[in-house]
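Taking it in order: structure first as structure tokens, then the write-up.
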Amino acid sequence: MANDMLTIGMGETILFSVTAVCMVALAVFGLLITRKAVLTTLCVIGVMVGLAVLYTALEAPFMGVVQVVVYTGAILMMFLFVLMLIGVDSADSGHETLKVQRPVAVLGGLGIAAILIGVAFGAHAPQGIGLAQANAETNPVGVAILIFSSSVLTLQLTGALLIVAALGAMTLTHRDRVKKRITQEELAHQRMQEFTASGVHVGQKPPPGVYAESNSSANPALSVGGQPVPESTSRVLHIRGQVRTVGEISPTTVQRVISGGIDGPATYGKTGRAHLAGMPGEGAPDHDQALARLNTDQPHAQLADNTEREETHESEENE
């Protein structure tokens with residue numbers, strides 16, 4: 001009988017102590033301290049991984065793998081999916097709908113803690129027996145026998161719970177339309193009214209500038225007149241002071257704008273105008289005159305082309 005006593009080594013004791021402390025710390029932080037639903041879910045993931053470590057230490061690797069794959073990889077992913085559906089902002093809301101829920105929760109927690117402490121001090125755990133029969137040939141076979149024989153009702157209730165959770169997520173995300181659906185025409189009219197009232201930009205804002213020397217979201221685009229466009233960069237970058245000047249990005253571009261190499265302040269009033277109807281400047285050229293000039297210049301161009309071909313042919317023969 002003495003040979004059947006369970007012995008625990010020093011390594012297993014240290015592993016259990018460290019894992020248990022980490023699990024309790026994560027549980028306390030996720031349940032009592034943090035108000036972020038995402039952080040709470042991550043703490044639960046840490047607790048589940050700790051349970052898998054303990055299962056593996058107790059020579060139940062199948063249970064450890066199932067703990068990670070089923071609970072951590074499936075059920076907790078469903079929790080995160082629900083958070084995505086209802087929105088992180090809604091899940092993280094600290095508004096209390098019931099004013100008495102905090103005192104009731106504190107009293108309930110203290111009562112449960114007192115009951116657990118009393119049970120822990122008053123209970124005497126017997127020596128574990130029958131592990132060989134429960135494990136059957138292998139651990140997975142033993143677990144399968146327990147699940148599909150004595151615990152089949154629990155398995156069915158768990159499946160029903162998961163279905164209810166999915167339906168609850170759909171119910172939480174369902175919203176009745178309280179306003180009329182805005183058509184494209186109404187949206188365009190609304191934007192024009194906002195532009196008339198407060199000068200809000202009607203169309204899409206210009207994208208950041210792309211230069212030969214740099215391509216970044218902090219680079220402002222250039223207007224037709226060669227000036228930086230503040231709306232082309234993010235407002236956050238302006239607040240942080242991370243928007244770059246054109247001189248920092250491309251000194252060559254600044255020199256070309258100043259010298260008139262590209263359109264800019266130095267070329268105001270000097271850029272050629274298209275000779276179109278309704279545009280200032282000279283009138284549009286006459287079509288008949290342009291066609292006659294083209295016909296007059298074409299024989300001279302053809303004669304010059306033939307002369308060049310003859311000279312090329314003679315030089316090839318001489319070589």
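Cβ coordinates are placed from backbone N, Cα and C, and glycine is handled just like the others.
Nobody curates TrEMBL annotations by hand; they come from automatic prediction.
The region 'Disordered' annotation in TrEMBL covers 209-230, 278-319. The annotation transmembrane segment is assigned in TrEMBL to 14-33, 38-58, 64-88, 100-123, 143-172.
Scored by C-beta pairs under 8 angstroms, the transmembrane segment (143-172) has its highest count with 64-88, from the stretches 14-33, 38-58, 64-88, 100-123. Sequence-distant contacts of the transmembrane segment (100-123), counting only residues of its own chain at least 6 positions beyond either end whose CB sits under 8 Å from a CB of the stretch, are absent. Within the same chain, residues 12, 15-16, 19-20, 22-23, 26-27, 29-31, 64-65, 67-68, 71-72, 76, 79-80, 83, 88, 91-92 sit at least 6 positions outside the transmembrane segment (38-58) and bring their C-beta atoms closer than 8 Å to a C-beta of that stretch.
Here the transmembrane segment (14-33) has long-range neighbours at 39-44, 46-47, 50-51, 53-54, 57, meaning same-chain residues at least 6 beyond its ends whose C-beta is under 8 angstroms from one of its own.
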